[in-house]
Amino acid sequence: MKIVVGLGNPGDKYAYTYHNVGFLALDIIADDLGINIKDAECDSLTGVKNIGGERVVLAKPQTFMNLSGRAVKQLLGRYKASPADLLVVYDDIDIEKGKFRFRERGSAGTHNGMRDIISALGSGDFARLRIGTGKVPENIPLVSYVLMNMTDDDRALIGGAAKEAAAKAVEWLRSKDR
């Protein structure tokens, strides 16, 4: 059992914002694996498929970003999974645009959605893929930046990182040594 959660905000209004990079990467993962994310459960849209004899769940929480913990906790309960079975994919302002980082565990850093997940699970012992959206410009408040639509140049650069991160997620899903 493995669960990959892409973080973002629900609704078309947020589709191309910096904060929805997790949804973007999850869509790429779903396309790569032939998984249709359409079922509504656990405050999320989900898609499930057996891959290499193992059940894989892809999920987009439909709570707003900062309340993602409730949905993730429900998913782990529904599928009888532990935090070790979880990979969370999300945006990170502390990573350069066009880059990503994979970690087996860690803290929330500056990300409120991750803080909520760690609080809900009582543990940060789960894998995460952080996709860089770059430093917030000095003249723009953080909340305004993460909720603004990406520029065309940023969409191309961050979209490239999302593709690379998605490939890493697929590698993690297919890995047997966790």
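For all residues, glycine too, the Cβ spot is worked out from N, Cα and C.
Look at TrEMBL and you will find ASN9 tagged as site 'Discriminates between blocked and unblocked aminoacyl-tRNA'. ASN9 (site 'Discriminates between blocked and unblocked aminoacyl-tRNA') falls within neither a helix nor a strand when secondary structure is assigned with DSSP, and so counts as coil. Note: ASN9 (site 'Discriminates between blocked and unblocked aminoacyl-tRNA') has non-local neighbours THR17, HIS19, ASN20, PHE64, MET65, LEU147, i.e. same-chain residues 6+ apart with C-beta under 8 A of its own C-beta.
Taken residue by residue with DSSP, ASN66 (tRNA binding site) is part of a helix. Of all Cβ atoms in the protein chains displayed, 15 besides its own lie within 10 Å of the Cβ of ASN66 (tRNA binding site). Taken from TrEMBL, the feature tRNA binding site covers TYR14, PHE64, ASN66, ASN112.
When other Cβ atoms within 10 Å of the Cβ of HIS19 (active site, proton acceptor) are tallied across all protein chains shown, the result is 24. The active site, proton acceptor annotation in TrEMBL covers HIS19.
The site 'Stabilizes the basic form of H active site to accept a proton' feature in TrEMBL is assigned to ASP91. Taking Cβ-Cβ distances under 8 Å and a sequence gap of 6 or more within the same chain, the neighbours of ASP91 (site 'Stabilizes the basic form of H active site to accept a proton') are LEU7, TYR18, HIS19, ASN20, VAL21, GLY22, HIS111, ARG130, ILE131, GLY132, THR133, VAL146. ASP91 (site 'Stabilizes the basic form of H active site to accept a proton') carries a strand DSSP state (E or B).
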Output field, tRNA shell: CB within 8 Å of site CB centroid, site TYR14, PHE64, ASN66, ASN112 dropped
ASN9, HIS19, THR63, MET65, LEU67, SER68, GLY113
List every residue in the same chain as ASN112 (tRNA binding site), at least 6 positions away in sequence, whose Cβ is under 8 Å from its Cβ.
MET65, ASN66
Taking the binding-site residues one at a time (TYR14, PHE64), which has its Cβ surrounded by the most other Cβ atoms within 10 Å?
TYR14
